[in-house]
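Noted in TrEMBL for the protein shown:
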- 15-39: region 'Disordered' (REGION)
- 38-134: domain 'BRCT' (DOMAIN)
- D340, D342, D432: Mg(2+) binding site (BINDING)
Amino acid sequence: MVPFKRRKLVCSAAGSHTGATGSHEGATGSHEGATGSHEGTRFPQVVLFLLERKMGASRRRFLSQLGEKKGFQVEQLLSERVTHVICENNSSEEVRTWLRSEVGGQTAAHLLDVSWFTESMKAGRPVEVLDRHKLQEQQTEEVEVFSTPSYACQRRTTLDNHNAVLTDALSLLAENAELSGEDGRGVAFRRAAAALKALPLPVTRLTQLGGVPCLGGHSLRVIKDVLESGASPEVEALRRSERFKALKVLTGIFGVGVKTAGRWIGEGILTLRQLRDSGPTLNRAQRAGLRHYDDLNRPVGRAEAAAVAAVVEAAAGSVLPGARVTLIGGFRRGKQTGHDVDFLITHPEEGREAGLMPKLVSWLDSQGFLLYQKTNSNSYLEAAEGPARPASNMDRFERCFSVFKLPEEAGRGGAGAGGEGGPRPWRAVRVDLVVSPVSQFAFALLGWTGSKLFERELRRWAGHEMNMCLSSHALYDHRQSRYLRASSEEEIFAHLGLEYIPPSERNA
Ligand code: UTP
Ligand code: MN
């Protein structure tokens, strides 16, 4: 009679939280528990309930009697008096589910493994509840399903990459494709990596990627391998491959492209030593690249970039007062290091920038700042009928590829430069200078800030979605058959029907 009544009461109390009265009835009833023992009063603060699920009825009965013999209060039914729920072979999730389905509610009691019970029996008193006694939470974290727009120029990609393990693997495959002359495959891997870079959290399961664009079968296979075993066998094999290592070393020489490196490898040249020994004819850029190999493969830091900027500003100010120098490339996007330092130079009066580059270069040279330089002249002219083909953003500006001789100042992190006897007095740094007329400045700024993939996606968006042609010089609207002017990056995004993305969020 009493147990039956109590059972009903427990159910409703736990379910509807009207437990105050119920708990008192439970309290008075507890001493008349099934075992009928009255010894369970030594530890008034502790009320046990042993869960039969998986423990089994006979073991439960045995343990209950043991507990009472040791002076513990053991409840046969779950009530709000219960402070410790003892379970065997159950996860906390299973117990909570059981509580919900069997009792129709939850409990504030400790959910403990039987180890706490047996230790307490041994100790003859309730032992302190430690983490190892608590039931393990199952790893049922809410898995978010990600989704992100398909063009990188529609996304905000900061330097805060939550999926570096995945994007490193994909970037390596992209690099290998590019080094093997397979640009299409390279872009596919770059796009896949970029989509993951934009996600707000680390990916833990493949099923989260339902709404993520640009993930082809190959990329998904790599992602799956990395998620499941921490690494992709294909990527690890590539990392170790002699050909890949040789391509990296040889294209790491300033002035050596994919074709040249491939040819040398075909001739059995895999290392710098072999290159030096077997002596194929090198051009001027490659000779400088080989001479300064270590410096040019050592990342340039922000302080060094600032030091280069000071030199370039002094040069520009001296040969063309009023000239404006802007740091572009990765450093404008907020990167802490780069493989080079890029500058865009203009003058607020259209036309005054003409002929600036040769003067700039000869000033730098005369001051001893140049180890190497090669200048191209500006060949970009707007055609009345629009751009004949997508402008190569490569070589139509007045542009100078150079290697600077940058004095190492005390305190600027140049410790790596010196062999014996401390830092050398200077290091070699790759510097790119671009001069643009002020009328093209916004396009040049947008085009040279990067990242490379962001730029590529901007041009793809312009062409495919807007029927426009974007270059680092201009934006042409095919529908209106005219060039669209802009004096800021914001205006260009607006012409393209895109939300403005600041440089720090163009790290696709
Ligand atoms: P970089 O190759 O210098 O890349 O090109 P980065 O982003 O600054 O990265 P690190 O740190 O130096 O390695 C800078 C930008 O200039 C554009 C690229 O699109 C990139 O956005 N660029 C580069 C061109 O438009 N044409 C080129 O010939 C080279
Ligand atoms: Mn750069």
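Residue 1 is the first one shown; counting continues down the chain.
Placement of Cβ uses the backbone N, Cα and C atoms for every residue, glycine included.
Quantities reported herein were computed from a predicted structural model and do not represent experimental measurements.
Helix first, then strand, then coil: DSSP counts for the domain 'BRCT' (38-134) stand at 38 helix, 16 strand, 43 coil. The residues near the Mg(2+) site, meaning same-chain residues not in D340, D342, D432 whose C-beta sits within 8 angstroms of the mean position of the site's C-beta atoms, are I328, G329, G338, V341, F343, R430, V431, L433, in sequence order. In the structure as shown, the Cβ atom of D432 (Mg(2+) binding site) sits within 10 Å of 16 other Cβ atoms.
Confidence over the domain 'BRCT' (38-134), given as mean pLDDT on the 0 to 100 scale, stands at 88.
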